[in-house]
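Student: Okay, these came from Swiss-Prot:
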| type | residues | note |
| --- | --- | --- |
| BINDING | 20, 62, 63, 64, 65, 66, 67, 255, 321, 393 | ATP binding site |
């Protein structure tokens, strides 16, 4: 199945493997992502006219808002970035400006394209690395040797390469030249400052500067892999493709958008810069040009998905212009006790499967009785009702509490099968959940 060519039905079927319920949210987002593919099949002139229908997801924390968008972007291999609206400040104030989310998207897009190109050249890179190490391990031939000696050397080199590829010489030490570690650049500063940073680095830190290091063959493989990748890859083409892909199929997920909404009830007491952040966000969502270190990017074809719990405010508390830029609205359901149980038993990589896999490393086989799983779901649901509702995240902490002693004393249980019963779950959690003063500690 072509990943970008997935139909809405296929997208929802994929999401069902990891996320229980939330049918309406899955359906809306599947259609929005499919429309990205449909648009790219049209004539260039018509493509420009069709802008994505941005989505506003409304639901409590832990119900699957981020996971739905992240999973689709991952399976379809689209540039994706998740940001939190509350982390941004109005232009003129100290803090991150909203344009940095677009720069983050472009960085992720370039990295995505680079990894794809590396995967295509994987065998070629591997061969070049092995050849370089083999030539280091095998002394070079002197000048003027006979053809027979040259053939013998070629055969020896081939055998050496085979041994390196099979890992036979991984522990042998060799001295190689590797590039000095590059200086990290802060990509969240404006492009003008980025260019100054890059120019200073070129002056004080020449790329060709190398240092000699003694490494094991295994370590040398990794060190040389990055260096040889850079020589084989077309950096400029990767940057251009990354920029283009971010522009045409990028996805920005803005979480906690309710935190920058100004409630009509408490408007005068709230941070006045919240509305300023909304107004700064507006041109980016509507469509504008943002300068990045890779070049300029137009934002009108980026898909924006905003999400928030809206406990203390309403979507209507956002400025009208911003509301209008998120025409599709989806309300996600709170998790019931039954859904909690299904999350533990029916998802492809459920929390239970994760803990079983982790403890199997120590030789401990963990089995959960069905009644124990139901009790976990029940107590997690009750904790959500009595304290702040954090959705499925509550399951992580309740299971962690139940398995805490077994995880700590894992070596004592090595080679054994441990069965988690309803009684064990109750003994670990019931007193904690029953006491409203203690329930807040089950995060």
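Here the Cβ of each residue, glycine as well, is placed from N, Cα and C on the backbone.
Here the structure is a predicted model, which means the values were calculated and not measured.
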Student: Just to be sure I understand the packing, how many Cβ atoms besides its own are within 10 Å of the Cβ of residue 321 (ATP binding site)?
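Tutor: Result for residue 321 (ATP binding site): 14 neighbouring Cβ atoms inside 10 Å.
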Student: Using CB atoms and a 10 A radius, I'd like the single residue among the binding-site residues 20, 63 with the highest neighbour count.
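Tutor: Max Cβ neighbours within 10 Å, all protein chains included: 63.
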Student: Under DSSP, is residue 20 (ATP binding site) part of a helix or a strand, or is it coil?
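Tutor: DSSP call for residue 20 (ATP binding site): coil, neither helix nor strand.
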Student: Sequence gap of 6 or more, C-beta under 8 Å: which same-chain residues meet both conditions with respect to residue 67 (ATP binding site)?
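Tutor: Long-range Cβ contacts: 18, 19.
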